[in-house]
Amino acid sequence: MRPNKRLNALIAGVAAIALAPAAVTPVMAQSGSPEVEITEGVLRPLQIAVAPFSGPNGADISGVISSNLQRSGFFDPIDPNAFIQQDLNLSNQPDFPQWTRIGAQAVLYGSATPQPDGRVQVGFRLYDPYRECQLVGFAFTATPDNWRRLAHKVSDVVYQRLTGEQGYFDTRVVFVSESGTGLNRFSRLAVMDQDGFNPFFLTSGEEIILTPRFSNNPNEIAYMALGEDYSRIYIMNLQTGRRESIGEFPGQVFAPRFSPDGTQIAFSISVGGNSDIHIMNLRTRQTRRLTNDPGIDTSPSFSPDGNQLVFVSDRSGSARLYTMRTDGSGQRPISRGGGAYTAPSWSPRGDLIAFTKQQGGRFHIGVMDASGGGERLLSSSYFEEGPSWAPNGRYIMFARQAPGGGSRLWTVDVTGRVVGQASYSGMAGDPAWSPLLDPPPANLGVGQASDSCPG
């Protein structure tokens, strides 16, 4: 496949992003700071004032930040029309009483400043108006066309500083875009920002595309392509657009999933109605068969430490979830409820396994402990499928379809209380969430500074 100039420009712009510390070194959330309390009980969103950023695309940047934080469910951005102080700038602290008067528990503002090399720097500061101190200050730099990525990176810092958890906004989602009807229906591999913007098609629609998945490299994916007389698993580099088949196998190959370190790939091979799970070393291309029993074994997903796999098997008569070690030993069922279980996905935190469940004429997205206990159904509708975890292990993206309608992408958090539809307007399925596009700031939450919030 020939590299696409637009995709290359996007990747090049992303690679240009660099972290530059602002005047104040950030500190960890301390006792008394306006932190979001993350529990399984009542969710009380934090009232945050996100002031319009100054400079080119400044208002758009702050708008994306506000939208990101609101969609997380942990923040309730205050209407800018309620702001009393309007002259915020990075050179001065806010007039704190004017912000506490409107109920702001945190105040964020910043600016977008063009640089001599043609890039733009977005600097920002986050304040606690009650303790009258700065919580964090940073600056990020990128090409002007990547202003949305700058907004996502700011959102990640704010989210992490106020929740204590890693952010997830500076990520992408690969998915299968669907269009047409009946015999004219076709699918294309596509990628977009996690909020549904900047969609980009990676294939032309000449093949049926299924189960795309990211490796630990956010620029590398694997997927199944089904043609008239073949099924193949491809690995694609998003920077070059180049794809490579992992090999030719007897029967149909499907359901690829990378190991956490990206050195192996697990997948299923179906021959004569019997499907078994195999694992390939991507360096040597040696393949080992992990399951060997009548029936269907499929949909493998690695534990985050790379030592186990969860998978689907109907060896007992109905589709259930099983786990095994990556050498194929220790196979045991873990799902205990009624209904059919499919599409397991191990959380990046390692504590939960997400799944699709069909029961009572409906489909559900749920989670269970890695041992199989504590099953909870988070979402339910006419049809739901394909849960994929955000890199922080708190949110799940999945496909939902209404009767007579097309498949759309939705998200739900692990409590089941924060549910929303992705902004992508087209029909879509099989979502897979990428890792963070850049590592989070290494010094977020360490160090002291004279104008930072004290411990």
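Just so it is clear, glycine is given a Cβ too, placed from its N, Cα and C backbone atoms.
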Revision key, fill the gap. Checking 81-105, 331-355, 431-455 against TrEMBL, the stretch recorded as region 'Disordered' is 431-455
Practice item. On the DSSP side of things, how many residues of the domain 'TolB N-terminal' (35-132) fall into helix, strand and coil, could you say? Key: 23 helix, 27 strand, 48 coil
Check your understanding: Where does the mean pLDDT land for the domain 'TolB N-terminal' (35-132)?
Key -> 91
